[in-house]
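What TrEMBL lists as transmembrane segment is 7-26, 63-83, 125-148, 168-187, 193-212, 224-245, 251-272, 284-304.
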Amino acid sequence: MQNIIEALLPVFFLILLGYFFKRIKFPNEEFWVSSDKFTYYILFPSLLIYKLSTASLDGINGFNFILSAFLTMVILTIALMLFNKFIKKFKGDSFTSIYQGSIRFNTYVFLALVDAIFGDKGLVLAALLMTFMIPLINIFCISIFSVYATNSKIDIKSFTLSIVKNPLIMGCLVGGFLNFFGISLFTPLEKTLGILSSAALPLGLLSVGVGLHLSQIKEAKLELILALLIKLIIYPFIIYLIGVYLGVQGLALAVLVVFGSMPTAPSSYILARQLGGDLKLMSAIITLEILLSIISIAVILSIITV
């Protein structure tokens, strides 16, 4: 337990530091907007290309690993839809926010925690999982909006392009391609990517902190509690059980549990704004999940022997 907490604390200290910088308006709002774009489009793809292209992929069986995450998402999607139909009927916009809060994951926190706990081998598995799960999660979320959001106007072409052009997916694909075909990067270029990648995680975590909105969590609602319960407690245990059933072991199982324990993605708010979700609820879910996840992740990783 102590070792897990020691690995988690620096990650969450950086998130809190980002929130502190936001509160004191340092350096300014424009800086953080630009920093977030730079991190998303340059630093994180550099990290993924660098780590994947230079990693050893021997002994990695990705099918059941990815299948475990996919089946967990399918089970939770069906369970939420049945809950909404037969137990408690939520407003359409609220349900879409509950769903996003229960299914999506924070990429920055995920990569940072995997790196802190498991190192480069864990990052390779995390990148493999992200390559498949990011587009799948987006497809599921868009589908939920099309069914439940009353004001949803979905542009299929723009949505498809956004997935294809996602810099994180592109980084994973490029790094995986180089590794698979044994293509070595020009040494100065590889070192440049290494330097850029070293800045990705700290800047990404600071951006997460800057994005926190504590004013939105004053009123506890059933919708908020349900999303927290599913994402921080139910999700990691289901993905663990499915992983064990499918024979996923060791480091791969540990990465699955961390993936399942992640708070939802800040981009959930953007999608809610674009497609007609409950913005206040979505903001509250994002913020509270990040704040509570340090406790839930430590407890879950301690309970589940992986």
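Glycine residues also receive a Cβ, built from the backbone N, Cα and C atoms like all the rest.
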Cβ contacts under 8 Å made by the transmembrane segment (193-212) with residues that lie 6+ beyond its boundaries: 11, 14-22, 32, 35-36, 38-39, 42-44, 46-47, 49-51, 106-109, 111-112, 115, 185, 266, 286-287, 290-291
Cβ contacts under 8 Å made by the transmembrane segment (63-83) with residues that lie 6+ beyond its boundaries: 95, 98-99, 102-103, 125, 128-129, 132-133, 136-137, 140, 144, 230, 234-235, 238-239, 242-243, 246-248, 252, 256, 259-260
Contact set, same chain, for the transmembrane segment (125-148): CB under 8 Å, 6 or more residues outside the stretch: 48, 51-52, 60, 62, 65-66, 69-70, 73, 77, 92-93, 95-96, 99-100, 103-105, 107, 110-111, 114, 118, 154, 159, 162-163, 166, 168-169, 171-173, 175-176, 251-252, 255-256, 258-259, 271, 275-277
Close approaches to the transmembrane segment (284-304) from elsewhere in its chain (Cβ under 8 angstroms; 6 or more beyond its ends): 1, 4-5, 8-9, 12, 15, 97-98, 100-101, 106, 109, 113, 117, 208, 211-214, 216-217, 221, 224, 227-228, 231-233, 236-237, 240, 254, 257-258, 261-266, 268-269
